[in-house]
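The block underneath contains the structure these notes are about, expressed in structure tokens.
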Ligand code: CAA
């Protein structure tokens, strides 16, 4: 089976990044979102990223046009799934929304289509269970910013077949990424390790151990992290960080994953990080 037709559902930051990388890797891409405005916003971000590549002399104007020409925007899920060899879902991190999308994809996609989710921590097995093809459902967790980060966590649900796993691993390589095999437990590996570190950094601020700038400096200069944990939390979105901590806490029932009260407070205040202009830092 060739993966010629690549559909991405959800044109937000992650979905548009995945669509960009897939188109740059030569796939015919269909980028779908519910609202025309979201699809256009996603395309605008991709165009801007490609323009930067042209400015840096890494891509010609002609190549940029070819990449954009491989991305077909749509607001029709049925049409987006109808001819797809693979669908990567990158909609909001909400189980009800994801299972709705997967039920619809299962109805609309041909029998051979692999249905992947870019979820950062929700159970693949539970998402797969709403379809009639759980052996063809898998996690494909890209990191933000997708065009830059090399990792794809490839997550096997309980029923994912070996054949599907190997196809997706190969696909990630064709997209220039390094796939890493992971089993389906809360937070997988990336967020099981990353989020408790971010949560602990927030506790350090909450308990008055240090100011946010100081916590970030320690981790940047002391551990060579490209961004300090609080800058990274603002970049990921504090609502997403809280959601992932809740998923770990609920999934393991272990108090070591309790979200910091300061994180809850910021989210309740609408201080969600870079996207709302305020989190641990302010953005102009
Ligand atoms: N889209 C595309 N390219 C981008 C980009 C974006 N949003 N942001 C930065 N870049 C590119 C820049 O164009 C630049 O490219 P060149 O080197 O080719 O010129 C390169 O990335 C470096 O950018 P900058 O020089 O502007 O800044 P930087 O050196 O600080 O790097 C960074 C930016 C790559 C984001 C770096 O700070 C970093 O690696 N941060 C950590 C990111 C991280 O941890 N991501 C994982 C988050 S967790 C997650 O995604 C999973 C989850 O489930 C929550």
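Cβ atoms here come from the backbone N, Cα and C positions, even for glycine.
TrEMBL lists 7-184 with the feature domain '3-hydroxyacyl-CoA dehydrogenase NAD binding'. A mean pLDDT of 97 is what the model gives for the domain '3-hydroxyacyl-CoA dehydrogenase NAD binding' (7-184).
Following the DSSP three-state reduction, the secondary structure of residue 144 (NAD(+) binding site) is coil. If you look up TrEMBL, you'll see 10, 11, 12, 13, 14, 15, 33, 93, 98, 120, 144, 275 marked as NAD(+) binding site.
The site 'Important for catalytic activity' feature in TrEMBL is assigned to 141. With a cut-off of 8 Å between CB atoms and residues at least 6 apart in sequence, the same chain places 118, 119, 120, 152, 153, 154, 155, 188, 190 near residue 141 (site 'Important for catalytic activity'), listed in sequence order.
Look at TrEMBL and you will find 187-283 tagged as domain '3-hydroxyacyl-CoA dehydrogenase C-terminal'.
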For residue 12 (NAD(+) binding site), the number of other Cβ atoms found within 10 Å of its own Cβ: 15
Sequence-distant neighbours of residue 10 (NAD(+) binding site) in its chain (C-beta under 8 A, six or more apart): 32, 33, 89, 90, 91, 92, 118
